[in-house]
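For reference, the structure discussed in these notes is given below.
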Amino acid sequence: MDVDIGNALASAASPGVPRSYLDRLDARVADAHERIERGMADGEFGYAALNLPERVDTGAIRDAVAPLDGAEAVLTVGIGGSALGAATLTDALDTEGEAYYLDNVDPAQVSDLLDDLDLESTAVNVVSRSGTTAETLANFLVVRDAYEARDVDWTERTLVTTGESGNLRDLADEHDLPVLPVPEGVPGRFSALSTVGLAPAAILGVDVETVVEGARRERESLAGSLYETPAYAYGAIAYALDARGANANVAMPYHESLETYAEWYAQLHAESLGKDGLGQTPVRALGATDQHSQLQLYRAGPNDKLVTFVRARDGPDVPIPEADLDGLDYLADSTLGGLRDAEFEATEASLADVGLPNVRVTIDRVDAASVGGLLYGMEAAVVLAGELYDVETFTQPAVEWGKEVARDLLRGADALDEKETLRVTRE
Ligand SMILES: O=P(O)(O)OC[C@H]1O[C@H](O)[C@H](O)[C@@H](O)[C@@H]1O
């Protein structure tokens, strides 16, 4: 990936980052890079994720998914990092068959989806790093029950990806289900390029080797200067802008197929950097759609955000048919891609015009190699930012707190504290 951070400099934006500060920050980037390389070399928790392009065994993934060959759909049951990386890949890339995700415990959604699916031809992919996540286990039990109710053998259609122990591992052992291991030292939100993210894509015919190859090329670009490393340039500018008041980080891809990427990035960013009272609030947006909703606020609201555009240089296109209509002459000889590009450039210019910092991330195409590179690059950006913020990038204690409390409530514990109430009701 390439990044253009020009519109985030103090010469173009307010808040903006002075070049002289970036030059000084680059010395810290060099130190952070050394720390990251050391963590990678030692396989330290979290840093090990950046080794995945060299370490992930796509052959083992292919072997594990082989029994599911012929499935027309894959239903992944997982949540957070155990669903978002896979969903980003299967939404971005062409698949042979449909990918569905149960990453919520909404009863209406779960039953509607199960009612609609042809379970006979649907593979089930259950993913939980810890093997204990309540939502995932509950959904899996409901899915299993639905297969049994329709007399379809779920054990022949299920693949599990989990750790060495936990409830999910026990279930897999009990029913002799094929199990892919979660990689050592890789937190869920950094697992897109591992068994966790790649297995559903592999079942659906995605060229996962090329995804990994794209990530490997991005890995090769990691060097001790933000001026040489697109991923670090992005991580450094986001960090420096946050310190200057850009407290929101808007991911705005200009490709419908990258809409889920913005969700993936939101988790990666928020869980990694939202610590010790620090961190930008991630916002998901989609170009050109959100030009017709959120853009009003971006241009005319407070200058408290960084907008990150993600777009491909090249891709499929559709000509806009001629129409003999007054006022539509500007569409003559144009294409949908041309219109989208013009809208992107107009949006970028409109934000630059009011000094709202924005960054342009460019990939070659929305294809396996480029998406692999994008995911890897953004992971490296977040790891670098974590070093600059000096936070514990790879933990998520605040999320764990909520998980514990939910479990206690289900076990019958009383509400923790008296909740303050001020109810306003209709007469
Ligand atoms: O893969 P699991 O152990 O089921 O965890 C799923 C998700 O659970 C929690 O919410 C964590 O904060 C996430 O980082 C994780 O991705």
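Every residue gets a Cβ built from N, Cα and C, even glycine.
Quick look at what TrEMBL annotates:
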type: ACT_SITE; residues: E271; note: active site, proton donor
type: ACT_SITE; residues: H292; note: active site
type: ACT_SITE; residues: K403; note: active site
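Close to E271 (active site, proton donor) in the fold, though at least 6 residues off in sequence, lie G80, R189, Q396, V399, each with a CB less than 8 Å from its CB. Between the CA atoms of H292 (active site) and K403 (active site) there is a gap of 37 Å, rounded to the nearest whole number. Each of the active-site residues H292, K403 was ranked by the number of other C-beta atoms within 10 Å, and first place falls to K403.
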